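Asker: Quick one: this structure, given as structure tokens, is what I'll be asking you about.
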Amino acid sequence: MEESFLGDELTRLRSNSRMSSWRSSQSIREVFGGSSDVFMKNYSTRWREMAEEEEKELKWAAIDRLPTYNRLRKGMMKEVMSNGRVVHHEVDMTKLGNQDKKVLMESILKVVEDDNEQFLRRLRNRTDRVGIEIPKIEVRFQNLSVGGDAYVGTRALPTLLNSTLNTIEAVLGLIHLSPSKKRVVKILEDVSGIIRPSRMTLLLGPPGSGKTTFLKALAGKSEKDLRVNGKITYCGHEFHEFVPQRTSAYISQHDLHHGEMTVRETLDFAGRCLGVGTRYDLLVELSRREKEAGIMPDPQIDAFMKATAIDGQETSLITDYVLKILGLDICADIMVGDDMRRGISGGQKKRVTTGEMLVGPAKAFFMDEISKGLDSSTTYQIVKFMRQMVHINDITMVISLLQPAPETFDLFDDVIVLSEGQIVYQGPRENVLEFFEYMGFRCPERKAIADFLLEVTSKKDQEQYWFRKSRPYVYISVPEFSESFNSFQIGEQIIEELTIPYDKYSVHRAALVKNKYGISSWELFKSCFTREWLLMKRSSFLYIFKTTQITIMATIALTVFLRTQMKAGTVKDSAKFWGALFFSLINVMFNGMQELAMTVFRLPVFFKQRNSLFYPAWAFALPIWVLKIPISLVESAIWIILTYYTIGFAPAASRFFKQLLAFIGVHQMALSLFRFIAAAGRTQVVANTLGTFTLLMVFILGGFIVSKDDIQDWMIWGYYLSPMMYGQNAIAINEFLDDRWSAPTNGSQPTVGKTLLHARGLFTTESWYWISIGALFGFSLLFNVLFIAALTFLNPIGDTKAVKVENGDKNNRRPQETAIVGDIQMAPTRSQANTSSVIPFPNNESRKGMILPFQPLSLAFNHVNYYVDMPAEMKTQGVEEERLQLLRDASGAFRPGILTALVGVSGAGKTTLMDVLAGRKTGGYIEGSINISGYPKNQTTFARVSGYCEQNDIHSPYVTVYESLLYSAWLRLASDVKTETRKMFVEEVMELVELKLLRNALVGLPGVDGLSTEQRKRLTTAVELVANPSIIFMDEPTSGLDARAAAIVMRTVRKTVDTGRTVVCTIHQPSIDIFEAFDELLLMKIGGQVIYAGPLGHRSHKLVEYFETIPGVPKIRESDNPATWMLDVSSSSMEAQLVVDFAEVYANSNLYQRNQLLIKELSTPATCSKDLYFPTQYSQSFITQCKACFWKQHWSYWRNSQYNAIRFFMTVIIGILFGVIFWNKGNQIHRQQDLLNLLGATYAAVMFLGATNASAVQSVVAIERTVFYRERAAGMYSELPYAFAQVAIETIYVAIQTFVYSLLLFSMIGYQWTAVKFFYFYYFIFMCFTYFSMYGMMVVALTPGYQIAAIVMSFFLSFWNLFSGFLIPRPLIPVWWRWYYWASPVAWTIYGIFASQVGDRTDELELTGETEKIQVNEFLKEYLGYDHDFLLVVVFAHVGWVLLFFFVFAYGIKFLNYQKR
């Protein structure tokens, strides 16, 4: 009907239009004759516009007649035809295609910098026109204090001893037997204020001042282990009255995303989960009022509002809008990437984190350091867009920035200055300088106000800003500032406002969100299901690998247990069938264990999204469960199809399908179990340890390793709780109750099959098969429920951070202490600081840390090009080129004593150029010349004379600051530098970089624990400086720092340059002070092209003069930061506006010609000069490298309590459990089953704890490997000393672990107490655990990532398990596989232990189903193939295994580099 009506209307319109056109043309011809073509054209244009307008009105009238539900889903989009005619189409907004979205966004935001404000005003005007009020939120906080408890001093370091003492103290504290040794640490102290809507607030404060804690508290996301006191209200309502996590959005400074998803997919998922909020209700009311008023809305605005008001869409127009304003549209379809997967840049990743919350409907935003990694121009644009949103849409917003440029600072309405947990100022930006002048401090000319605000509370920096020369300067502390602000006019006004309660009844009903989630439960499930399916597709390699692995294992199993070798029907024939059944079972279980690593890997993103109420835990867990069911079906089917009939199991078809069902049940149970363990453990080390321990208990009590009848009576409950027992019963009953095992026997059981089941303690009726199947699926359900419960109630394990304690404060705390508190980072009081705020140095300051001699070197590069293989995702978009060019004809020169800045917008290629010049690229294709003081660069020698400060600040987490520096100096300074000189040099560098107060602080992991970002930056700089290099590359040394910390780093850099070194820095957001501290600039644009290379000049006048000579470039204003102005005027949009290519302008300039002459001069060796030469590749000898690496590994292991404390704890627990389960079995060898139980005990004792070691060590080695890549690139050591140190320290801890384990097992199992037997027992277990650890290390070295390493490890462990001699004794292994028995290290260990402990015994042994007896040693030789006389060979074989794995590990890290740069 609607289409018919619309068609009739259009026909009438066209008919009327034709008649009107004819009449008009006739009258025109009559009046003007045929002579006025101009008038005719104008009239024709006017007529066409009228017709188009009329057509638009008619189409809107048709839409307006639709029912409300349909009307809100229909919009109009215009299309400009090739002849210039505009046609309006009716579009279903729920089915917008990519092209439709692109057209709509282009029509709304053609040039985002110019059009965004106008677009937002058009949106707002539409609501204002019909009198709809937009909800607003005012946030108040009164007497807000946040604190926590922390250990201080040496107790703060997480050593094994401290961890043990802390655990004991915590347990005793629960029962009030021991007072806590923790100290109270205050993070925020009695702060009050108001965050107003429609005003954008800047939060300033040095790292450690409590900014993150403050923002989290306002957003209702304070850490659970912190004490929060005071009152926070939204429009007068406290947190319990609404859902603060959905009313507001906290944007973290840490970028946690799924690397497998593209930028667009990441934002689409966030938008889908967060929902549309009140956008749909607003649209309903808006549409109703417009219809009543007869108002026709702007079609573009109407289409946008409708497209963004429909929830549950897989992809939304709001995503396209956010991508556009954040500048992410250029990388929208590129993977986000992670540590081992190439993706977008760090700055782009930071914007993705911001965009993830902007796509949601929140009305208040608390943004934590959103500019980290962004250049000042990009930051300015993003903050400008935020300002437009705040002012036009009445949003409440607080943004924390570290180094805001003056023009970015001017965008804010209000400023909060936070220092040492107290508010120093809160109020209008315009009045902030007035307050500090009221206090006696004035901001100097050309000093950024933000920088001044950060420094004026510092004791060291404060005096330089004192302007009341008539009065003597006295230091004003932070509490004094805070108190004075309360008596300042603005402070008094805030206090007065806080005394007047907010009128809760005037609050807009849509302002505060009462629903916990943004969409319905079904939509949440669909969203998470879609994402899980996407992640599975992107990780398809893992599943293909797993499927291939199980196929290979099934093939091996069928050749080991080949049908032709498998006779059935008698008790003697059953051994191989038991082995085949148990191997199948254990293989399926181990295959499920790979789920553990994959789940732990996903948890950080899950916790972030769960806490932001994207979805509940069940919505995350159920899709994983559902989508893994087909995986279980496929993997189980592959195993059964390949093995069932080829091995020769019961031939009935029904039994084939019953075994398949059993294996599906076991596989589902295993996947669910390990998912639950991953969620409970939450970290790789803890989860791995718990996983292996659980496997151990499930297997031991499962009825195969030890039969039910031999389990202690008081532990029989464990037998019935073991899921493995039900799997074992199901497959055994299915096989042995078949007709071919029904031959009668003379024993207590009527048939052979039942005799075999009874001997193993299994059930003997068919009904128990179905009971077992029900139990397996019941366990699967239970573990999935527990998985959901763990995800719902558990939080990430609270890692610790170092806290510096004040010196000389009112509590008389001792200096140079560190304290540990969960997720707290406190700064030192400014009384403790020993820094200057400006880059120029006092005249009396000595330049320390550079006393060792060095050779000044220059670096010249000419016509450098760099290519990488074209990314697959770009090829899918139609790009045909095979290579992507990242650097294009880059040329320049860096000279001694000259500090060069390498600047460009995000993605310009700054880091790429630096990596190419420093020789840090691991892939790609490099063209062009690079010369060092006239000679072609040789990377081996260049590494000795250069330093590279990486952007990511990678360091070993478990050593202190002083140890990191001493280690670097030890390995990188010349071997003739004496130890005392080296230590003095380190001390001087620490003073230079101002790390003295942090000498004993633990480094920690970036973004997790340990040092703050700015402290880590200074450490990175110091680590390179102690190497005494001639050329230093610094990748964004000031990124992530506040202005004061950046000044400290740059002052250090300046001192370094003034000693005659060559220093190059990439830099993102330089203040005027920092930018003008550089001597020269190399400016790049997107595409990797140089657009300026030359001197800056006094106050950057040479740079300014160069760009101002280019026609059309706007002049710089007096107050502008030259760095920001430079990036603005050279941006891509400015190029498009001026129709100019700045790279081409530079290439045709005189400056370029002069630079080419300089490059030519520096590329020619000086007279009488020599090329760099070192007699050895490394500074230190092989022995010294080993000593240094071992020294660092020693401290790393001693402080890695999570790894070692858990390892020793599990060793004791497993040892005791084994001892209890196998109590005195060594003295009770009378029956064949007794000996098999003992063999099972030996097998389990070495296999499971050994596998635990192999699995747990992988995460330790993986973390250290990233540090190894940096240190190797720096030429610190060769691979063998590193491998030696890693292996040596692990071996020492294994030796201690083995002693504890051996003592427990040997004494409790009841082996014969002789020195020789105990030595053998200890030796074999020690060597076993050692080669297991070496194996874990080796697999990490050979694989690119932790997940792949876990899969590869379990694959070969299955081999070792099959050929260990337990599942199938060596004499029964087919001759074509018997060689692999000797290739299984576990087989040698079991051989060694069993032969040494019982191989010489001559006791009589009863055989199952036989009347004759046999001596133990004879049985071992005949049935198991163990000979006591072969022990010496076994002893030396273990040495061979250890050495083999060690050398493969060493050569793996030597020749394989999985770091992608």
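Glycine residues also receive a Cβ, built from the backbone N, Cα and C atoms like all the rest.
Model, not experiment: these values are computed from the prediction.
Below are the features I grabbed from Swiss-Prot:
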BINDING   GLY205, PRO206, PRO207, GLY208, SER209, GLY210, LYS211, THR212  ATP 1 binding site
BINDING   GLY904, VAL905, SER906, GLY907, ALA908, GLY909, LYS910, THR911  ATP 2 binding site
DOMAIN    172-445  domain 'ABC transporter 1'
DOMAIN    523-736  domain 'ABC transmembrane type-2 1'
DOMAIN    859-1111  domain 'ABC transporter 2'
DOMAIN    1184-1398  domain 'ABC transmembrane type-2 2'
TRANSMEM  541-561  transmembrane segment
TRANSMEM  577-597  transmembrane segment
TRANSMEM  622-642  transmembrane segment
TRANSMEM  660-680  transmembrane segment
TRANSMEM  685-705  transmembrane segment
TRANSMEM  771-791  transmembrane segment
TRANSMEM  1203-1223  transmembrane segment
TRANSMEM  1243-1263  transmembrane segment
TRANSMEM  1291-1311  transmembrane segment
TRANSMEM  1321-1341  transmembrane segment
TRANSMEM  1348-1368  transmembrane segment
TRANSMEM  1430-1450  transmembrane segment
Asker: Note the Cβ centroid of GLY904, VAL905, SER906, GLY907, ALA908, GLY909, LYS910, THR911, the recorded ATP 2 site, then list each other residue of that chain whose Cβ lies within 8 Å of it, in sequence.
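Answerer: Neighbours within 8 Å of the Cβ centroid, excluding GLY904, VAL905, SER906, GLY907, ALA908, GLY909, LYS910, THR911: SER345, ASP375, THR912, MET1084, ILE1086.
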Asker: Before we move on, state whether the transmembrane segment (1348-1368) and the transmembrane segment (541-561) share at least 3 Cβ pairs under 8 Å, counting only pairs 6 or more apart in sequence.
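Answerer: Stretch pair touches.
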Asker: Enter the number of other CB atoms within 10 angstroms of the CB of GLY904 (ATP 2 binding site).
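Answerer: 27, counting other Cβ atoms within 10 Å of GLY904 (ATP 2 binding site).
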Asker: Measuring Cα to Cα, how far is GLY205 (ATP 1 binding site) from SER906 (ATP 2 binding site) in Å?
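Answerer: Just about 25 Å between their Cα atoms.
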Asker: Quick one: pull the CA-CA distance for GLY210 (ATP 1 binding site) versus SER906 (ATP 2 binding site), whole Å only.
Answerer: 29
Asker: Let me know how many other Cβ atoms fall within 10 Å of the Cβ of GLY205 (ATP 1 binding site).
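Answerer: Excluding its own Cβ, GLY205 (ATP 1 binding site) sees 26 Cβ atoms within 10 Å.
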Asker: Mind giving me a neighbour count for SER906 (ATP 2 binding site)? Other Cβ atoms within 10 Å of its Cβ, every protein chain shown.
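Answerer: Around the Cβ of SER906 (ATP 2 binding site), 22 other Cβ atoms lie within 10 Å.
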Asker: Of the stretches 660-680, 685-705, 1203-1223, 1243-1263, 1321-1341, which racks up the most C-beta pairs under 8 Å with the transmembrane segment (1291-1311)?
Answerer: 1203-1223
Asker: Same chain, outside the transmembrane segment (622-642) by at least 6, Cβ under 8 Å from its Cβ: which residues?
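Answerer: Hits for the transmembrane segment (622-642): 525, 528-529, 531-533, 536, 543, 546-547, 550-551, 553-555, 558, 584, 587-588, 591, 595, 599, 656, 659-660, 663-664, 667-668, 671-672, 675, 784, 788.
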Asker: In whole Å, note down how far the CA of SER209 (ATP 1 binding site) lies from the CA of LYS910 (ATP 2 binding site).
Answerer: 31
Asker: When you scan the chain for residues with a C-beta under 8 Å from the transmembrane segment (1203-1223), skipping those not six or more beyond its ends, what do you find?
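Answerer: Distant contacts of the transmembrane segment (1203-1223): 160, 163-164, 167, 685-686, 689, 693, 696-697, 700-701, 706, 711-712, 715, 1197, 1237-1238, 1241, 1244-1245, 1248-1249, 1252-1253, 1256, 1259-1260, 1293, 1296-1297, 1300-1301, 1304-1305, 1307-1310.
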Asker: Between the binding-site residues PRO207, SER209, LYS211, THR212, which lies closest to GLY904 (ATP 2 binding site), Cα to Cα?
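Answerer: The answer is PRO207.
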Asker: Could you give the Cα-Cα distance between ALA908 (ATP 2 binding site) and PRO207 (ATP 1 binding site), in whole Å?
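Answerer: If we compare the Cα positions of ALA908 (ATP 2 binding site) and PRO207 (ATP 1 binding site), the gap is 28 Å.
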Asker: Please give the sequence-distant neighbours of the transmembrane segment (685-705): residues at least 6 beyond its ends with Cβ less than 8 Å from one of its Cβ atoms.
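Answerer: For the transmembrane segment (685-705), the far contacts come to 578, 582, 585-586, 589-590, 593, 596-597, 599-600, 673-674, 677-678, 711, 715, 718-719, 721-725, 727-729, 760-762, 797, 1202-1203, 1206-1207, 1210, 1213-1214, 1217-1218, 1221, 1237, 1240-1241, 1243-1244, 1248-1249, 1251-1252, 1255-1256, 1258-1260.
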Asker: Quick check on the binding-site residues: of SER209, THR212, THR911, whose CB has the lowest count of neighbouring CB atoms inside 10 Å?
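Answerer: If we count Cβ atoms within 10 Å for the binding-site residues SER209, THR212, THR911, the smallest count is at THR911.
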